[in-house]
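Enquirer: Pasting a structure below so you can have a look.
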């Protein structure tokens with residue numbers, strides 16, 4: 001089964017992606033990982049990509065698509081794969097379609113922006129140990145202090161409210177057209193159209209996981 005899993009920062013996509021891959025025995029593949037692996041292995045596509053990157057240019061969709069084809073030919077993709085961060089644009093989605101790279105499912109884990117902002121902006125971290133807290137969902141015993149050392153907790157820059165809002169806006173700008181594209185395609189009844197679902201991303205990890213499994217098995 002080939003799956004595209006989409007979700008805003010803080011929607012819990014990473015947790016669910018790991019579970020899907022383990023359950024279906026498929027690899028999670030990203031364009032970044034594919035690029036690094038191809039460059040390191042000095043494949044023809046990797047050599048071409050390295051020339052482009054060394055020149056300070058963006059890797060073209062043509063090269064990205066060649067990497068995807070190369071990766072899908074690997075033995076561990078025989079049962080399918082889960083795409084992480086690809087496609088990012090309608091042009092890339094169209095390229096997949098035109099090259100007859102079939103997809104089984106496109107799924108978005110949907111969480112309202114307000115909920116994501118609360119999730120992320122409430123995080124606090126004890127830097128030296130990596131212990132994490134949340135001001136609402138998992139507060140420390142003493143406000144602002146690590147439970148074990150009593151040292152101050154910090155809010156990472158990525159978790160500051162304005163930063164979260166900017167990241168969400170970028171996600172919506174990039175992904176909304178892509179979601180609409182796959183949603184509309186799924187309704188055409190075309191035999192090569194993937195199924196499409198928007199999964200409610202609130203509740204426990206197990207509840208969200210069950211919604212995903214129910215959708216995949218429907």
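Every residue gets a Cβ built from N, Cα and C, even glycine.
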Enquirer: Using Swiss-Prot as the reference, determine which range in 84-121, 122-159 is annotated region 'LID'.
Expert: 122-159
Enquirer: Roughly how many Å separate the Cα of residue 14 (ATP binding site) from that of residue 86 (AMP binding site), to the nearest whole number?
Expert: 14
Enquirer: Looking at the binding-site residues 31, 57, 59, 156, which ones sit with their CA no more than 10 Å from the CA of residue 123 (ATP binding site)?
Expert: 156
Enquirer: I want to verify one value. Collapsing DSSP to three states, which class is residue 123 (ATP binding site)?
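Expert: In the DSSP reduction, residue 123 (ATP binding site) maps to strand.
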Enquirer: Counting every protein chain present, what is the number of Cβ atoms, excluding its own, within 10 Å of the Cβ of residue 10 (ATP binding site)?
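Expert: 23, counting other Cβ atoms within 10 Å of residue 10 (ATP binding site).
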